[in-house]
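Enquirer: Would you mind keeping the following structure in view while I ask a few things?
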Amino acid sequence: MFSSYRLARHLQKEAQAQHNNSEFTEEQKKTIGKIATCLELRSAALQSTQSQEEFKLEDLKKLEPILKNILTYNKEFPFDVQPVPLRRILAPGEEENLEFEEDEEEGGAGAGSPDSFPARVPGTLLPRLPSEPGMTLLTIRIEKIGLKDAGQCIDPYITVSVKDLNGIDLTPVQDTPVASRKEDTYVHFNVDIELQKHVEKLTKGAAIFFEFKHYKPKKRFTSTKCFAFMEMDEIKPGPIVIELYKKPTDFKRKKLQLLTKKPLYLHLHQTLHKE
């Protein structure tokens with residue numbers, strides 16, 4: 001399951017590669033994207049508690065000859081899937097036009113009139129580190145998160161941490177202030193996070209985690225609703241949207257399960273500072 005997920009991620013990244021940086025044609029990248037989608041479906045089937053799997057092992061085996069002969073494959077793809085990469089890097093100013101369906105797993109709807117959250121304690125954000133010659137600092141602007149029940153979240157905020165492969169903190173943990181507003185299926189933050197370590201000093205395999213938390217009045221505690229993460233090879237200037245995973249937060253990235261099949265993401269914008 002984990003290997004299927006990993007392979008899917010690598011294929012998704014290759015499918016998104018700019019033409020100049022890829023050895024594949026656009027048609028081949030489309031096929032690679034479809035294979036990645038199938039791997040995600042297989043991973044989801046393995047994690048499903050239902051007896052009937054949506055994507056069987058026999059189906060998975062049909063992909064092997066396609067992947068082995070990707071440079072010469074010119075037949076119709078055996079499965080009706082779309083090559084939609086889970087991580088889509090948006091061009092500056094590009095707008096998303098996504099239709100949101102109701103999620104079967106969680107009740108309630110987030111659509112409604114724009115609303116603002118009350119002023120609260122301003123989180124635990126830290127200032128940018130001093131610059132060093134030849135070293136790169138990263139600012140991540142958390143713009144918004146897409147959730148079907150965004151309108152029902154009380155006092156939502158995001159905890160940001162940087163972990164190594166063993167889940168050990170590499171920098172101080174930071175909490176954003178409570179979100180600035182909610183609108184339709186989005187919770188808006190528009191807040192900058194200053195990474196508390198130069199990018200070049202991060203260990204291999206490190207990842208930046210974003211845990212979305214909200215208050216549950218019935219249980220009287222703050223709960224993690226979902227999380228997302230960004231790996232080191234995804235540190236690039238500009239916008240990026242990353243997928244959301246079900247809690248509990250898996251800092252070791254070994255048993256990941258998508259929050260929903262719907263097009264709901266965490267929207268970020270990265271700025272690199274180098275002397």
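Glycine is treated like the rest: Cβ placed from N, Cα and C.
From Swiss-Prot, for reference:
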- 97-125: region 'Disordered' (REGION)
- 97-107: compositional bias 'Acidic residues' (COMPBIAS)
- Ser113: phosphoserine (MOD_RES)
- 123-190: region 'Axin-binding' (REGION)
- 126-273: domain 'C2 Aida-type' (DOMAIN)
Enquirer: Could you give the number of helix, strand and coil residues in the region 'Axin-binding' (123-190) as assigned by DSSP?
Expert: 3 helix, 32 strand, 33 coil
Enquirer: Given the model, what does the mean pLDDT over the domain 'C2 Aida-type' (126-273) come out as?
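Expert: Here the predicted model's pLDDT, averaged over the domain 'C2 Aida-type' (126-273), is 93.
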